[in-house]
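**Q** Here it is: the structure, laid out below.
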Amino acid sequence: MDTRPIGFLDSGVGGLTVVCELIRQLPHEKIVYIGDSARAPYGPRPKKQIKEYTWELVNFLLTQNVKMIVFACNTATAVAWEEVKAALDIPVLGVVLPGASAAIKSTTKGQVGVIGTPMTVASDIYRKKIQLLAPSIQVRSLACPKFVPIVESNEMCSSIAKKIVYDSLAPLVGKIDTLVLGCTHYPLLRPIIQNVMGPSVKLIDSGAECVRDISVLLNYFDINGNYHQKAVKHRFFTTANPEIFQEIASIWLKQKINVEHVTL
């Protein structure tokens with residue numbers, strides 16, 4: 001038994017979609033979450049800067065005595081995950097491979113779409129992972145840089161959000177049977193995305209898929225938490241306004257949480 005928390009990092013609130021699934025599947029595990037909303041989005045930033053910011057988040061989580069770090073951010077996974085994984089002596093998990101694997105299982109026509117931040121799409125990481133495992137699958141990637149600001153400003157239900165999503169996804173409509181939400185912010189726009197793409201297109205939440213791998217690693221390294229612990233205290237940190245973060249988090253997690261401000 002290992003009662004240390006699992007650390008989650010993201011550029012903002014998007015990683016809460018992963019946390020929500022982890023709380024559902026592994027309610028006995030403690031969580032420490034850091035969202036860098038003050039510097040979001042990461043997608044348009046240079047690689048060097050994304051690496052620098054990611055390491056700051058990692059180092060913060062290490063001060064919290066975490067037993068595992070989850071990159072609940074596709075951009076950070078694409079740019080810095082391999083480097084961090086090689087440098088640390090605790091398990092470090094990203095969201096890309098679980099999402100790619102789920103897309104391969106889902107597609108029936110071999111036509112997969114991937115939407116993400118400009119950096120995630122430019123890295124071509126999803127296409128590489130998918131075609132490494134299933135070379136015959138055609139992958140269409142599309143950067144959606146306006147999605148993260150919508151979520152970070154809590155405007156997911158606005159008419160502007162609907163128009164932006166509709167206009168952004170137009171190039172993929174009718175051309176794919178599976179769509180990877182290659183940014184953990186995007187599931188917060190899922191109803192609009194599904195409506196635009198149509199009911200026949202399967203949406204893959206890369207973050208939710210990641211939780212299955214978390215469970216496997218906890219077992220493999222024998223670091224599961226206390227299964228009998230009922231009241232688990234999580235900690236949430238943000239580099240921006242805690243009230244805005246708390247508002248979004250409480251809606252998504254369906255519980256009121258306390259959010260602490262941190263300066264990196």
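One is the number of the first residue shown, and numbering goes on along the chain from there.
Note that Cβ sites are derived from N, Cα and C of the backbone, with glycine treated the same way.
Note that the structure is predicted; figures quoted are calculated from it, not measured.
Taken from Swiss-Prot, the feature substrate binding site covers D10, S11, Y42, G43, N74, T75, T184, H185, and the record attributes it to sequence analysis. Annotation source Swiss-Prot lists active site, proton donor/acceptor at C73, C183, citing sequence analysis.
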**Q** If you measure every Cα to Cα distance among D10, S11, Y42, G43, N74, T75, T184, H185, the residues said to bind substrate, what is the biggest one in Å?
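**A** 12 Å is the greatest Cα spacing among the residues binding substrate.
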**Q** Taking the centroid of the Cβ atoms of D10, S11, Y42, G43, N74, T75, T184, H185 as the substrate site, which other residues of that chain lie with their Cβ within 8 Å of it, listed in sequence order?
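**A** Along the chain, the qualifying residues are G12, G14, G15, A40, P41, C73, A76, T117, T120, V148, C183.
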**Q** In whole Å, how far does the CA atom of N74 (substrate binding site) lie from that of C183 (active site, proton donor/acceptor)?
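**A** Checking the Cα atoms of N74 (substrate binding site) and C183 (active site, proton donor/acceptor) gives a distance of 5 Å.
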**Q** How many Å lie between the Cα of G43 (substrate binding site) and the Cα of C183 (active site, proton donor/acceptor)?
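**A** On Cα coordinates alone, these residues lie 10 Å apart.
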**Q** Roughly how many angstrom lie between the C-alpha atoms of T75 (substrate binding site) and C183 (active site, proton donor/acceptor)?
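**A** Given the Cα positions, T75 (substrate binding site) is 7 Å from C183 (active site, proton donor/acceptor).
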**Q** What three-state secondary structure does DSSP assign to D10 (substrate binding site)?
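**A** The three-state answer is strand.
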**Q** Rounded to a whole angstrom, what is the C-alpha distance between H185 (substrate binding site) and C73 (active site, proton donor/acceptor)?
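**A** Just about 8 Å between their Cα atoms.
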**Q** Which of the three DSSP-derived classes (helix, strand, coil) applies to G43 (substrate binding site)?
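**A** For G43 (substrate binding site) - judged by DSSP and reduced to three states - the answer is coil.
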**Q** Could you tell me the C-alpha distance between T184 (substrate binding site) and C73 (active site, proton donor/acceptor) in angstrom, no decimals?
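**A** It is 6 Å, counting Cα to Cα.
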**Q** Do me a favour and check the Cα-Cα span between D10 (substrate binding site) and C73 (active site, proton donor/acceptor); whole Å is fine.
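**A** That comes out at 5 Å between the alpha carbons.
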**Q** Let me check the 10 A CB neighbour count of H185 (substrate binding site). How many other CB atoms are there?
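**A** That number is 31.
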